[in-house]
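Listed in TrEMBL:
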type	residues	note
TRANSMEM	59-80	transmembrane segment
DOMAIN	72-313	domain 'G-protein coupled receptors family 1 profile'
TRANSMEM	92-115	transmembrane segment
TRANSMEM	174-194	transmembrane segment
TRANSMEM	214-237	transmembrane segment
TRANSMEM	257-281	transmembrane segment
TRANSMEM	293-316	transmembrane segment
REGION	360-381	region 'Disordered'
Amino acid sequence: MMKTHASNAVPTKIFFPPFDQPPVTLLPTPNGSGPGQEFAGPWLEIPERSPCVAGIAPVIYYSVLLSLGLPVNLLTTVALARLAARTRKPSYYYLLALTASDIVTQVVIVFVGFLLQGAVLARQVPQAVVRTANILEFAANHASVWIAVLLTVDRYHALCQPLHHRATSSPGRTYRAIATVFSAALLTGVPFYWWLDVWRDADPPSTMDELLKWAHCLIVYFVPCGVFLVTNSAIVLRLRKRGQRGAQAWRSKSTAILLGVTSLFAILWAPRIFVMLYHLYVAPVHRDWRVHLALDVANMVAMLNTAVNFGLYCFVSKTFRATVRQVIHDAHLPCTLGARPEDVGVEPVLKQVGIPQRDSNVEEGLQPGGLESSGPHVRAL
């Protein structure tokens, strides 16, 4: 909540237009601040809002990010759901929840916040709608990062306390942990209803502004990164103590994905946190075009974190790549069957998709358990 000091209030000016029109009264805006000593002049001499130097580049960037990142995350969700159903491993459920929170972030922040409110409506949105959207935006951010914290803690217990992890891990326990994080993220997003728009914030930061900005930095960056640093260091040290070389510790798929997810988050979110604190204590976005540009770029870099995990999973895990190919094949199969001419029999279609036909000689040679032993072997990440 922004403080309004009576000594800094802008004096009301009444203009008397010609003819019989009633006088027009210009009142001070709620987010506006009174002129300082260096701007002690008429109302019209207050410096204008800092220009958007980035121009249309953010709109193009967010449009491309949404058009590519959202389908990729949906594909990742289907692939991880299949792997979680097959293996029932907690790590897959945590990665699935992380992808779901990334989808919510892309819809709420990228589409609703940046594209719809910023580009289409030019921020001409009722204040209540903007503040309600703030709750969802910050809740999505908190859910995404703290699901990664859950994944980190789960990997730590699996590698450093394997017996305890096997005894306590179960799908039900994983569901409850994910539900708790989502509920806590929504609750921690409620105070950000009073988060002020930094693009229009011309007043010096109030106590509420400082509390909210520091709470944002602590919840979404400093505390999670501290957990990442401690647990990842313990995991790597434990793997080295088991007699593995330092390079081999990175070959574990679970460890590689964990370190990749947490490292990408720490790198991509660092510019936004730095600019946020710089805006809080040094120069506001409202009057400095350089801070305005820096915050634009920092937000674009931070939102890139919602679309890069798919590439990381494909690069590290052969099982994930095979599952993605199977998902794409299954999605393409109904289209192939729907486009098949009516006079084509079932036999050519079965041969095309690789389904073997029954052979009496082969069936006689099958032994019990033969089909199961020849089935695909699902490996963990």
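Start at 1 and count along the chain as shown; that gives each residue its number.
Cβ coordinates are placed from backbone N, Cα and C, and glycine is handled just like the others.
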| said: Under 8 Å for C-beta pairs, could you tell me which stretch among 59-80, 92-115, 174-194, 257-281, 293-316 has the largest tally with the transmembrane segment (214-237)? | reply: 257-281
| message | Across the domain 'G-protein coupled receptors family 1 profile' (72-313), what does the mean pLDDT come to, as a whole number? | response | 87
| Have the transmembrane segment (293-316) and the transmembrane segment (92-115) got at least three CB pairs under 8 Å, pairs 6 or more apart in sequence? | yes
